[in-house]
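**Student:** According to Swiss-Prot:
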| type | residues | note |
| --- | --- | --- |
| TOPO_DOM | 1-65 | topological domain 'Cytoplasmic' |
| REGION | 1-29 | region 'Disordered' |
| COMPBIAS | 10-22 | compositional bias 'Polar residues' |
| TRANSMEM | 66-86 | transmembrane segment |
| TOPO_DOM | 87-93 | topological domain 'Extracellular' |
| TRANSMEM | 94-114 | transmembrane segment |
| TOPO_DOM | 115-122 | topological domain 'Cytoplasmic' |
| TRANSMEM | 123-143 | transmembrane segment |
| REGION | 132-167 | region 'Cation selection' |
| TOPO_DOM | 144-159 | topological domain 'Extracellular' |
| TRANSMEM | 160-180 | transmembrane segment |
| TOPO_DOM | 181-190 | topological domain 'Cytoplasmic' |
| TRANSMEM | 191-211 | transmembrane segment |
| TOPO_DOM | 212-224 | topological domain 'Extracellular' |
| TRANSMEM | 225-245 | transmembrane segment |
| TOPO_DOM | 246-286 | topological domain 'Cytoplasmic' |
| TRANSMEM | 287-307 | transmembrane segment |
| TOPO_DOM | 308-318 | topological domain 'Extracellular' |
| TRANSMEM | 319-339 | transmembrane segment |
| REGION | 333-368 | region 'Cation selection' |
| TOPO_DOM | 340-353 | topological domain 'Cytoplasmic' |
| TRANSMEM | 354-374 | transmembrane segment |
| TOPO_DOM | 375-384 | topological domain 'Extracellular' |
| TRANSMEM | 385-405 | transmembrane segment |
| TOPO_DOM | 406-413 | topological domain 'Cytoplasmic' |
| TRANSMEM | 414-434 | transmembrane segment |
| TOPO_DOM | 435-447 | topological domain 'Extracellular' |
Amino acid sequence: MDKSEMDKINGTNPESTDQAPSLASRPDEFEEEESLVTPDALSARIGGFQIYAGSVNWGVFGSMKIVFLKSKLNVLIPCGFLAIFLNYMTQRYGWVFPLSMLGIIPLAERLGFATDWQISCEVGRLLNSAFGNATELIISIHALSRGKLHVVQQCLLGSILSNLLLVLGSAFFSGGLACGKTMQTFSKADAVVNSGLLLMAVMGLLIPAALHYTHSEAQFGKSELALSRFSSCIMLVAYASYLYFQLSNNRRRNEANVYPCMPLIKRRIQDDVDGNDDEVPEISKREAISWIAIFIAWISMLSYYLVDAIDGASKAWNIPVAFISVVLLPVVGNSAGHANAVMFAVKDKLDISLGVAIGSSIQISMFGIPFCVVMGWMMGKPMDLNFHLFETASLLTTVLVVAFLLQDGTSNCVKGLMLFLCYLIVAASFYVHADPNSKASEKPPQN
């Protein structure tokens, strides 16, 4: 019996003898390649092809369960209903105001959750840009419609100060403690661009204030308002250009990384293969849009009672309206962002923390404030960029401190503590600040 016949009896193929050792010599690679192409292996690796459909609760009750039961902050939702009840039954604004604040906090967090789904990277970033500070804008628009122009200015100013000092300081301090590093690093180039945008916003607010306090207006009472409206349009164009630049930059990076902006199911499979632990959206696109509309309407309703109770709460608590507007109101919109910034800093993802804190400040200063000026223009309200001397000085010093601390691209506990202490100084200054413009800001409409 010759050798070929013996090979047939033993079940071996003489032609495959050259390939067999190569496969046997690297069994791990062979198994890995097989797992990438075999449906059963791929199914076992990501939990089956039904992971996407199973992770998205398409039913109404499943969506409600996710939205209302997955956040511990939702225990505060009944506070909103209690605030409405007290407003109509007792009109005790000292209680209506804090209950309205507590009722809005979980709604703001859930609004952020509803905008978290992403069909593509660009859509996700645009949604976050549009709704990242929706709560502050809704409160500001309600105050604007009531003619409380200085409350609008101070609320938006307080949001910027809170993000730059309190949120960023907490992120730096917590990240330095948790990571056990002498220094944490972040993108110096992004920090420089962000600092430049913040300084541009300060310039937009500083010049109208200087025009007012130097009494150098060509037409008293009109030049300041006209300059504010013109500058607001310029700032909106600058912010739109910044968004376009950011999205274009990210698109180029995504193309270089091959797959980060692929459709969700493909990205989920690839990320699972690469070991990334990205979460699949828990609600569908249609459900997310519906919840966004519901939460905006709900926040808008509670904001009506919140704004209406500011003066009453100021008298009941014997604290200045400026302190309520600058320190307390920003807590409503910044609470969820504050927690996220600290969480990412603890995980040593400081660039994301800066995106939350400084990105929110840029959006308020370059979009929120100019948007309110334009909205006031449309409503016939003389909303301008003259935030008055004390408020503008507070913003200028804050931006300068933050810009200096960011210029080297590193952070530590000491920097975080410095920012936090600076916020305490600012908060105390508004507590003792007797606002001479609170009544002057209720100006008659001008055309």
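Even glycines carry a Cβ here, placed using N, Cα and C.
Quick one: where do these features end up spatially?
**Tutor:** Sequence-distant contacts of the transmembrane segment (66-86), counting only residues of its own chain at least 6 positions beyond either end whose CB sits under 8 Å from a CB of the stretch, comprise 57, 92, 95-96, 99-100, 102-107, 109-110, 113-114, 282-283, 291, 298, 301-302, 305, 336.
Long-range neighbours of the topological domain 'Extracellular' (87-93) within the same chain, counting only residues 6 or more positions beyond its ends whose Cβ lies under 8 Å from a Cβ of the stretch, are 305, 308-309, 311-313, 315-316.
Within the chain carrying the region 'Cation selection' (132-167), a Cβ under 8 angstroms from the stretch's Cβ atoms is held by residues 104, 107-108, 111-112, 115, 198, 296, 299-300, 303-304, 306-308, 310, 321-322, 325-327, 329-334, 337-338, 341, 356-361, 363-365, 368-369, 371-372, 375-376, 379, 381-383, 387-388, 391, 394-395, 398-399, 402, 419-420, 422-423, 426, 435, 437-438, 441-443, all 6 or more beyond its ends.
For the topological domain 'Cytoplasmic' (181-190), the predicted model reports an average pLDDT of 84.
Only residues 6 or more beyond the boundaries of the transmembrane segment (191-211), in the same chain, are considered here, and those with a CB under 8 A from a CB of the stretch are 164, 217, 223-224, 227-228, 231-232, 234-235, 238, 242, 354, 358-359, 361-362, 365-366, 369-370, 384-389, 392, 395-396, 399, 402-403, 406-407, 409.
Helix first, then strand, then coil: DSSP counts for the topological domain 'Extracellular' (212-224) stand at 4 helix, 0 strand, 9 coil.
Tertiary proximity for the transmembrane segment (225-245) is limited to same-chain residues at least six positions away from its ends with a CB under 8 Å from its CB atoms, namely 126, 129, 197, 200-201, 204, 207-208, 211, 362-363, 366-367, 369-371, 373-374, 377, 382-386, 446.
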**Student:** Give the one range among 94-114, 287-307, 354-374, 385-405 whose Cβ atoms make the most pairs under 8 Å with those of the transmembrane segment (414-434).
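**Tutor:** Between the stretches 94-114, 287-307, 354-374, 385-405, 385-405 has the largest tally.
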**Student:** In terms of Cβ proximity under 8 Å, which residues at least six beyond the ends of the transmembrane segment (287-307) contact it?
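**Tutor:** For the transmembrane segment (287-307), the list is 58, 63, 67, 80, 83-84, 87, 96-97, 100-101, 103-104, 107-108, 110-111, 114-115, 117, 131, 134-135, 138-139, 142-143, 146, 148, 151, 281, 329, 332.
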